[in-house]
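In what follows, a single structure is set out as structure tokens and then discussed.
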């Protein structure tokens, strides 16, 4: 994801050897799902589900975990979801843009798919708060077994680790990022080694690979069969990261890392924990740490903490990356994006997101105090995002790839059925703590839809009093104003209408520049726009030009740099001859039909606090003039 991914991948990604790419992918992509053994079986047998720690219960749960990993990750994500890349980019926003394109002119379907994408993105932010909290808490809880009386110190220690993690984000993790891969490879080797040790105690645990144990479990526990999926799904947390980080590593390195190292290590560890439980049911209080020899407990706690910090770093960086994509697709107000590396464009930091996540994580740790309590909140965010991803991929498979329905529909129905069951199993958890990601998701969904709709209404209101460009130019020919030297660039959302800033400037100053450029920035539903397709230029005469700049949702919108590509003899964009005119709209909530008054007030607040065009488009501060306009909505 974003920052962490590029730290591990580096600029030499395309030339890296397969083993190097595999190690890098393990360090970034698999941190979240790789730390799931810390708490999954612990939650299953201590989460109040009523599962007995006996032979049939243990084998039934292991069968559910094993076949969930096979179906959801090995089949659904590896074979289908990872193929749905948007010019190599993955993630819920990239997939939303791809699905929106697949829907074509079907407006209702487009709207439905966008809503699904925004729901998935909103839940991802909830996941971005829960993952660091539950991961670090579960790692530090190992100290309870190593030292008596340390229970009261678990929360403070976890908070210190988490706060330190958020504090270093602004400075980047370029140097330590190179250690992510080796540390996580070590982690998975330790997982596998501990698992082998446990399996040797009770080799019969391997029979849980037979799916009939899962069937027997449902038959023996008809009342809790579906509910237990709410705990089993914890083994799948982080599956979405496989898709989100595809743009940095590609599908093949991610798949190789999964099948060669990650899947075997996870299966061995889960089965090793299960084997230990067959011999010692009391170990269910913390099966991961009790699987290790007593002499290895402290080193294992240290390694677990490092692994959970790396997993948390990947999620935080993913939130930064997702936010940048959402900003450029028009779903989130512009924020200040800081680059933490001069070498890697993808290493970014967004302060508003970082501090919001930190506050959310601190509240979660203080409110829930243990990984077991947090587990109830975790599943809702994970399964909700997975379900939205499946819906979006379904649209891409049927409408964009044109897969024959006779082949695609059975696969998609199975995927939707499994995801739906996992999501349904987590719905009852909403009243047990799962309300947090749901409420966070609702708030973020309202913010994103309000911003998108508000911007649309704002453009419509500005257009109501707009003057068509041809009429304006004709009037200039009849009554030419005084012209001054230089180039004036007016940013406008509508390239065929006269910007309000231009009208205000002419009205108050009674002059026009020699060259007047009406500049429109358009964001496409693709990650990157080639330099050859970056701009369109039209000359209207009388020194007027229309320029349209095209950017992808991962491109860096550097307007002065992009304008240098406009090779037109009549245009001069030299820095000391170019002035940029911006319009700053102030929205006033009114009774005009559009949005509810409270949403209009919310949009006005968001617009007031959004980052302006000056910083976002990297305009030179000393060459910008900003003019204000009041708009009633």
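Just so you know, glycine gets a Cβ as well, placed from its N, Cα and C.
Long-range contacts of the transmembrane segment (19-39) within its own chain (CB-CB distance under 8 A, at least 6 residues past either end) are made by residues 1, 4-5, 7-10, 13, 73, 131, 134-135, 138-139, 179-185, 187-188, 191, 234-239, 241-242, 245, 248-250, 253-254, 256-258, 260-262, 265-266, 269-270, 273, 288, 304, 307-308, 310-315, 371-372, 375. According to Swiss-Prot, the transmembrane segment annotation covers 19-39 (among others), on the basis of sequence analysis.
Residues 33, 40-41, 44, 51, 205, 208-214, 217, 228-229, 232-233, 235-236, 239, 242-243, 255, 258-259, 263, 266-267, 270-271, 274, 386, 389-390, 393, 397, 411, 415, 418 of the same chain lie 6 or more positions beyond the ends of the transmembrane segment (61-81) yet place their CB under 8 Å from a CB of it. Under the heading transmembrane segment, Swiss-Prot lists 61-81 (among others), citing sequence analysis as support.
The annotation transmembrane segment is assigned in Swiss-Prot to 112-132 (among others).
Feature annotation from Swiss-Prot assigns transmembrane segment to 149-169 (among others).
Residues 4, 7-8, 23-28, 30-31, 34-35, 37, 205-206, 261-262, 264-276, 291-292, 300, 303-304, 306-307, 310, 313 of the same chain lie 6+ residues outside the transmembrane segment (179-199) yet bring a C-beta within less than 8 angstroms of a C-beta in it. Marked as transmembrane segment by Swiss-Prot: 179-199 (among others).
What Swiss-Prot lists as transmembrane segment is 224-244 (among others), and the listing cites sequence analysis.
Residues or ranges marked as transmembrane segment by Swiss-Prot: 258-278 (among others).
The feature transmembrane segment is assigned by Swiss-Prot to 290-310 (among others).
Long-range neighbours of the transmembrane segment (348-368) within the same chain, counting only residues 6 or more positions beyond its ends whose Cβ lies under 8 Å from a Cβ of the stretch, are 2-3, 125, 128-130, 132-133, 137, 155, 158-159, 162-163, 166, 169-170, 172, 316, 319-321, 323-324, 335-340, 374, 377, 433, 436, 440. What Swiss-Prot records for 348-368 (among others) is transmembrane segment, and it gives sequence analysis as the kind of evidence.
Among the features that Swiss-Prot reports, transmembrane segment is placed at 377-397 (among others), with the record citing sequence analysis.
Taken from Swiss-Prot, the feature transmembrane segment covers 398-418 (among others).
The annotation transmembrane segment is assigned in Swiss-Prot to 430-450 (among others) on the grounds of sequence analysis.
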> Short question: which residues 6 or more past the ends of the transmembrane segment (430-450) have a Cβ under 8 Å from it?
Replying inline: 118-119, 121-123, 125-127, 129-130, 326, 331-332, 360, 364, 368, 373-374, 376-381, 384, 595, 599, 602-603, 606
>> What residues elsewhere in the chain lie close to the transmembrane segment (258-278), defined as a C-beta under 8 angstroms and at least 6 residues from its ends?
In response: 22, 26, 30, 33-34, 36-37, 40-41, 45, 53, 55, 58-59, 61-62, 65-66, 69, 73-74, 78, 185, 188-189, 191-192, 194-206, 208, 235, 242, 284, 287-288, 290-291
> When you scan the chain for residues with a C-beta under 8 Å from the transmembrane segment (224-244), skipping those not six or more beyond its ends, what do you find?
Replying inline: 1, 28-37, 39-40, 43-44, 47, 49-51, 61, 64-65, 68-69, 72-73, 77-78, 81-82, 84, 90-92, 95, 124, 127, 131, 217-218, 254, 258, 266, 270, 311, 314-315, 318, 321-322, 375-376, 378-379, 382-383, 385-386, 389, 421-422, 424-426, 428-429
>> Let me spell it out: take the transmembrane segment (377-397), skip the flanking residues so only those 6+ beyond its ends count, and list any with a Cβ under 8 Å from a Cβ in it.
In response: 72, 76, 80-81, 84, 92, 95-96, 98-99, 102-103, 109, 113, 116-117, 119-120, 123-124, 126-127, 130-131, 134, 230-231, 233-234, 236-237, 239-240, 243, 364, 368, 403, 408, 412, 415-416, 419-420, 422-423, 425-427, 429-430, 433-438, 441
>> Are there residues at least six beyond either end of the transmembrane segment (149-169) with Cβ under 8 Å to its Cβ atoms? List them, or say none.
In response: 132-133, 136-137, 140-141, 143, 305, 309, 312-313, 316, 349, 354-355, 357-358, 361-362, 365-366, 369-370
